[in-house]
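Participant: Pasting a structure here, questions to come.
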Amino acid sequence: PLSAFFEGIDYSDRELRNQLRLLAADSLGKRERKPPPINYNPIMQPKKTMVVNNRKIKLPKSLRLPRMEDHQFYNRERLLELSKLEFQTYAALKQVGQLPPREFIDKSRTLLPDELAQEKLDLLDEGFGSWTRSQYFHFVKSAAKFGRDDIASIAADMELSFETVESYSHAFWRYAQTELKKDEWERVANNVEKGELKIAKKRKLSSLLSKFISTFDNPRKDMTFANKGTAHFSLEQDRALLCAVDKHGYGNWDAVREELRKDNELIFQHTVQGMNSDMIGKRCDYRMRQMEKELEMREKKLKSEKPLTVVAAQRAIDAIKEMERWEVDAREMQLKGEEPPHLDILSEEGQEIMKQRLDERVPFIDRIREIEVQVRGCKKLADETRKSIIRGDQYVNYSNITLKAGGPHTTGNAVNGITRKGINVEARINPVILHVPECGQCKFCLDTKSRKLCVKRQEVRKRAIVEAEKSEELNESAQAKVKDKKVKTNGKKRMRDGSNPPKGSKKKETQTVKKKPARPSIGENNRGNPLGNKKMEVSDDILPELCRRIGARGTNKRMKVINEFVKDHPETSLRQVTMKFSNITTKTLPACVPPPEKHAGRAFCFFLRPRYYHLLPEDERPDEWKKYAKEDEVVWKEECKTKAKDKAKKEQKIKDMMEDASKLQASETESMDVSLDFSTATSSVANTTGFLDGEETEDDEPVKKKKKKRKIH
């Protein structure tokens with residue numbers, strides 16, 4: 001028809017239309033300009049020039065920054081800041097004409113000050129400028145192939161040293177998530193995770209295959225399957241295939257293929273000879289899935305046929321294996337200063353047994369910590385004793401420097417409060433100490449047989465012990481304050497309740513004996529000091545501290561202040577501190593001190609005399625204290641004069657009494673001598689009369705008795 005013609009061409013012809021379509025498809029069409037591809041990994045180009053003070057400055061090549069790509073992990077922000085500062089320094093030196101020689105610049109590679117120069121060089125060394133883009137892709141591919149932890153295989157695949165790949169791997173998995181683009185990081189992480197899943201699958205299937213083959217004495221003849229398989233593969237071929245996979249490993253299909261081709265029993269089996277690597281992998285996966293199901297069925301059947309005793313024994317063995325693995329992991333984590341894994345990951349039997357083991361260990365661990373506390377206390381006491389000997393203190397207790405071989409756990413006694421606090425401190429600081437890495441350079445780290453802590457850890461331990469003891473003291477003081485408040489409130493309530501007792505009620509009279517405060521130790525069993533009678537007076541150096549403890553407002557806890565002062569200063573004695581306390585205090589309220597508030601305790605207070613206010617800190621001194629100090633000084637001198645007069649009168653009185661006593665004794669002695677002379681004379685007269693009467697014998701001779709003379713003293 002005419003409608004099919006256009007410009008002399010018949011478009012109703014189908015062959016002609018097809019030819020026209022082919023011609024249109026082959027035509028090039030209009031030329032178009034396409035935009036360049038987007039670079040998802042831009043390179044930080046180093047700046048060669050910069051405008052400083054309207055002048056274009058060009059840095060030497062040795063001072064410029066390198067090309068900092070994403071995969072090289074430079075700290076680009078800080079390096080750009082330092083580079084800008086270096087541009088300014090270079091421009092200033094160039095303007096003044098004080099630029100150093102080019103050889104010096106090329107050698108030092110920086111013009112910054114020492115600290116900033118060292119920082120720039122360290123930041124440049126931290127980056128991996130020698131790693132190219134191809135090496136980066138090769139590293140990612142190898143990590144996906146061997147796993148991120150198999151550094152040795154990755155280094156062998158990349159033909160680089162182990163140390164180089166290890167340092168780059170550490171930096172990659174630490175900074176890649178923030179340095180790389182989001183899309184690239186997700187792609188890399190997914191590839192590596194997929195590769196690690198494949199590796200885990202290979203290991204699992206290899207272990208299952210080894211377990212399955214080990215159940216047969218001769219796998220090439222005895223191996224059987226629950227499912228016979230397809231008609232194209234015989235049982236003999238499947239046996240040879242699985243044995244070859246067990247020999248070369250799952251996934252090494254080329255090696256398995258060569259093993260099957262060289263097998264003498266399969267030379268004329270063309271099905272096996274014509275198999276490629278893909279067919280071998282698919283057939284192996286098929287048989288291994290069946291093998292996995294068959295192993296599960298065997299285990300279920302064995303469990304159902306086992307007697308209860310065997311099942312219980314197997315559970316116990318599994319629990320023991322679990323506990324051994326848990327103990328190994330817990331020991332490794334505790335040696336790093338980390339918390340051990342929770343017991344919930346164990347079975348019920350394992351949890352019960354493990355709890356018993358941990359409870360049994362507690363006394364031994366506490367005993368070891370107790371010994372450590374005792375050793376530390378002995379060293380501290382020995383140091384204090386050494387200082388006391390050097391100072392020349394009177395009371396030095398040598399008997400306390402001992403470490404008892406027994407202890408609370410061996411004798412069955414309860415642990416005292418001080419030891420328990422020390423044990424708690426040791427338990428609290430041990431994880432902190434073990435969390436510190438060893439230096440690896442001291443003699444204890446280099447000696448494999450040494451059991452002592454690293455020097456670095458010992459320093460951390462000393463600081464931790466000091467801080468822990470300070471926190472314990474603060475807690476004790478806070479608890480003591482709360483306890484004092486409770487005692488005061490309870491005392492008031494008891495006074496109110498006891499003031500109006502109910503009628504008809506009988507009070508039980510109980511004698512409450514107040515315990516005296518413990519006397520400061522002056523030797524074993526409070527014996528005297530063998531060093532002599534040296535007075536342990538309060539010296540002028542420690543007198544301000546005693547004044548500060550009393551304070552301008554005074555105190556009603558006299559013995560507490562004295563005992564604590566003697567405890568803190570062993571070079572003093574209780575008697576000397578008590579005497580000094582009475583000398584520097586008064587019960588009369590000074591005019592410059594406000595009256596104290598009424599509270600529980602003694603009704604009167606001991607106030608520091610104003611003449612000692614200059615020994616107090618400035619913020620604790622009362623207003624106009626100098627005026628009252630002068631007045632008290634005058635009063636003190638008058639009191640000293642009065643005491644001196646009283647002392648002289650007392651001495652004179654004692655002297656007079658002694659003279660009277662000596663006179664009285666002399667008169668008594670004289671009267672006694674007279675009476676003795678009279679009795680002697682009487683006896684001599686009697687003897688003479690006897691002789692005259694003829695009472696003497698022939699042998700007797702008259703004896704003349706001499707008169708005794710006594711001196712009167």
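Including glycine, each Cβ sits where the backbone N, Cα and C put it.
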Participant: TrEMBL lists region 'Disordered' for one of the ranges 247-279, 610-642, 643-675; which is that range?
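Facilitator: Comparing 247-279, 610-642, 643-675 with TrEMBL, region 'Disordered' matches 643-675.
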Participant: By Cβ distance under 8 Å, which residues at least 6 away from the ends of the compositional bias 'Basic and acidic residues' (643-662) in the same chain are close to it?
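Facilitator: Tertiary neighbours of the compositional bias 'Basic and acidic residues' (643-662) are none.
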Participant: Count the residues of the domain 'SLIDE' (186-294) that DSSP assigns to helix (H, G, I), to strand (E, B) and to coil, and report the three numbers in that order.
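Facilitator: With helix first, then strand, then coil, the domain 'SLIDE' (186-294) has 80 helix, 0 strand, 29 coil.
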